[in-house]
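Feature annotations, courtesy of TrEMBL:
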| type | residues | note |
| --- | --- | --- |
| DOMAIN | 89-177 | domain 'Cyclin-like' |
| DOMAIN | 186-302 | domain 'Cyclin C-terminal' |
| REGION | 322-345 | region 'Disordered' |
| COMPBIAS | 326-338 | compositional bias 'Low complexity' |
Amino acid sequence: MADNLACGETSDSWIIDEDDEINCGGGFRLFNKDDNFESNRSIPMISSLREDRIKEMLEREIQFLPGTDYLKRLRSGDLELRVRNQALDWILKVCAHYNFGPLCICLSLNYLDRFLTSYELPKDKDWAVQLLAVSCLSLAAKMEETDVPQTVDLQVGDPKFVFEAKTIKRMELLVLNTLNWRLQALTPFSFIDYFIDKISGHVSENSIYRSSQFILNTTKAIEFLDFRPSEIAAAAAMSVSISGEIKCIDDEKTMSNLIYVKQERVEKCLNLMRNLTEENVSGARLSSPQQPRLAARVVPASPIGVLEATCLSYKSEERTVQSCTNSSQSSPDNNNNSNKRRRKQ
């Protein structure tokens, strides 16, 4: 499969040309408690979705899922789980660095999973994993973020490989063609406000952020690939309800209010989400209006901890809900003084 990644190219040259430069650096920089995790950035748009719009989205969400055998291949080892984890770890660190929103992370991972469904990366080529991660994040940032650095500037944290802009662009085109240019993927964030409203009758900023925390905690666990985005969103809304942070319209009918999704599927997802929260959450929580800097003070203990502290902390007096817009605004080029070497084919 790898030999067919590009017409007439070998597995080593499917993206990298002989004149492409790759900067080889050290390991990732570790984030610490002094990093600034608070800034103004967009959050998933809160809107009042009509029932017919929800029905349409539920019919379309399957179009943005990885192949039906993707999870099985990850579990069996046919696809290396290491590849997915390595790419996701890097994406989380870059999103922490630039304060990208949670939807950007979900989109990046969606592109990554859908790409890996169709293409097998060259074996034992860590640069290919890194290049795919850079390209998926770059595309997601262009779709979701309002302030997008240039592609070469996304490569922060002293990555092992640093690629030129033209190399990243070629990989972006390969990803786009593989995904049939379908980048406006439906994620759990597409449904979360609807399900919160069905449960509590009111969508607050805090409920969105707490639900986002539950959703983002699922990104590393491949078991959640077995669920649709709507099912994950419904389970996240239920998790916030169970935690007592939103008041249900009717406690006895909470689950029955979640029409359009299969209750047994939501319950299964909810149980997995609850176990994941109990076992793997590092302790960084969304700060309340009375404790606006609590999450920023928590020292992230893992990439998930970094993600929570980054994406889920906010200043309550400054935060405003804003819609997600597409932008390709670029930041000035940074000078790269690191030694470079030519990749030998």
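Quick reminder: no glycine exception, Cβ is built from N, Cα and C everywhere.
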Residues of the domain 'Cyclin-like' (89-177) by DSSP state, where helix covers H, G and I: 63 helix, 2 strand, 24 coil
Confidence summary for the domain 'Cyclin C-terminal' (186-302), mean pLDDT rounded: 71
